[in-house]
Amino acid sequence: MSDTTAGQVLTTKDGKPLKAALARALRREKLRSLALIAPLLIFVLLTFVAPIVDMLFRSVENGIVEETLPRTVAALRVWDPESAQVPDEAVFAALYGDLAVAVEEKKHTRLGSRLNYEESGISSLFRKTGRRVNRMDEAGPFKEQFLDADDKWGEVATWQVLRQFSPRYTDGYFLNAFDAQRTADGIQMKPEDERIYMLLFGRTLFLSIVITVSCLLLGYPIAFLLAALPLRSSNLLMILVLLPFWTSLLVRTSAWKVLLQQQGVINDFLVWTGLISDASRLVMINNQTGTIIAMTHILLPFMILPLYSVMKTISPTYVRAAKSLGANDWTAFWRVYFPQSVPGIGAGAVLVFILSIGYYITPELVGGTSGIFISNRIAYHISSSLNWGLAAALGTLLLVAVMVLFVVYDKIVGIDNVKLG
Amino acid sequence: MSALPPYASPLQRTWYYSFRVICGLIFFFLIFPILVILPLSFNAQDFFTFTKEMLALNPAGYSFKHYQDFFTNPDWQQALTNSVMIAPVATLLATSFGTIAAVGLSQSHVPYKPAIMAVLISPMIVPLIISAAGMYFFYSRIGLQGTYWGVVLAHSALGTPFVIITVTATLVGFDRSLVRASASLGANPVTTFFKVQMPLIIPGVVSGALFAFITSFDEVVVVLFLGSAGQKTLPWQMFTGLREQISPTILAVASLMVAISIVLLTVLEMLRRRSERLRGLTPG
């Protein structure tokens, strides 16, 4: 490095300004770290983030109506849905043209089942009409022929649904997920007895809160004991926490299935001790009780570990100081120790809550019908009812809830401080 | 809490012992369900509860027949093979990508670090059912749904956050001057990485790999949606077994899996101790 005097620019040995050389080195370092991260980042973006984005997109996507019936959709634009009159001949002619193509490509049944989610009966309408289209007179008039094929074509409601879902994007799935529907008078809640999703979201929240609270009640004493004991014995007891943590989820779920059944170990034991009679065996599985017990057991280590790591840092001198100043055991704990353990409670509780609201396997196996979560409904719509749009909308809502909670978690613990094992 | 002082009042004495009893009960709750399946898996009957012979410790009440079924039944063997085919490949992918990225992330100047971190950790945060749904939709668009590689890619994506977290945690205690020393002695970055950095962070890499392995080996939701019958893994087979035709073979499988987790736990504990010992030697 050359000599410096006041007012002179610092330079490196080869004569470049030092500032520029440093900036260049920094830039190279940044590029190098990015180059190391890039493979994984691209990998995760392609295999994980893209699917999630695709799901978000699918929850509003509705191209199927316009793709299958392009001419009808165009013709329907001029029709006034409030008019209470069935569209005119031009629309029916367009429908004939579209359906003829769709039947050829066997796409009309898919459209039918898509629209059936919005109004039941449309699926059979499309199937029935699809069979008749080939026999229709190409010269028209089409309106009579369609009405002849199925009376539903003469109902304004059918056309309203068709028009309402003709845009490329729809909020229909989200309305459905909120138990709402679009009627002639705007957006309204569905009738009381059809509101299943809000009920399920409510139950998922309620059960997750119950599970979180019971994890806290069971986890706090354990973490307290582990943090207070000398390292040798606490390490030994830690194994009792870590073994369940490392055991397969399905192993633990099957264990609970074995224990909680009516002919299972717990009931047998209670009958043997004479606490209950053989006829009044407890029903503890395939209901909410089963879900709560099994999930509390499964998620308990996730509560104990963060609590323990916080309690480990609380110095015992504070409690001793409080006692020497005249506090009794309870006051010393409640006023001095407990407030210091609150960050651990926050971290553990949010973690358990995040994990539990998205749980699928355990509720599916031990929850019966009253103990299932919103995720079970999502799975049902993916694999059984094939209403993927609704599954995507429900998934999006759940994802938003988890993201909000995660921001809270990040504020409490910090994303960099996540520890394992 | 550690020890009861000699001057403790009767009330304190009572509380001291009742607190221990409460903790004992909670530990019992934690461990009992896992231990109870071990003896039940040797049941000679097809029941899920203890028979009279078992309680009387009569040898006739015990048998290996459920284990025998597991090792001879083609369904279970196929599931085992599939699990063994999928998990190691997913682990390898997750560990190699994850370790390199963790080395990059632990450099002192990483632009957009919080955003990158959020993306890389996201597979661990997003509920499995949502990941499964998204992957199912997306992978069926690109023709990966129902294929071996689809499941492997999905499982490695799910495993990477664990590798990132464990490896960055070990790198926190890594002395950077060692890299500079190695460079000044003429080693290129690749040699430095394998000869200097890798031996020191290997405990973190191995425990990350174990996490990634168990994530894939234990995963059922994603494979349930993404896989076809040809990718039926052990957890999947257990899941269908528990849901439909409940057979005690599941308990034999479960006991074997408990044995595997005990092995994993021991290995991890040994690694942790080694890492702590090593870190005690290096300054900072």
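Positions of Cβ are set from backbone N, Cα and C atoms, glycine also.
Where the annotation comes from TrEMBL, it is an automatic prediction and has not been curated.
Under the heading transmembrane segment, TrEMBL lists A:34-53, A:205-229, A:236-255, A:290-310, A:342-361, A:388-409. Sequence annotations record features per position, and here TrEMBL assigns domain 'ABC transmembrane type-1' to A:201-409.
For the transmembrane segment (A:205-229), same-chain residues at least 6 beyond its ends with a Cβ under 8 Å from one of its own Cβ atoms are 237-238, 241, 288, 291-292, 295-296, 299-300, 302-304, 307-308, 311-312, 314, 316, 341, 344-345, 348-349, 352-353, 356-357, 371, 373.
Outside the transmembrane segment (A:34-53) by six or more residues, the chain places 399 with a CB less than 8 A from a CB of the stretch.
Sequence-distant contacts of the transmembrane segment (A:290-310) (same chain, six or more residues past either end, CB-CB distance under 8 Å): 207, 210-212, 214-216, 218-220, 222-223, 226-227, 241-242, 244-245, 249, 252-253, 256, 260, 284, 340-341, 343-345, 347-349, 351-352, 355-356, 359, 362-363, 366-368, 371-373, 413, 419, 421.
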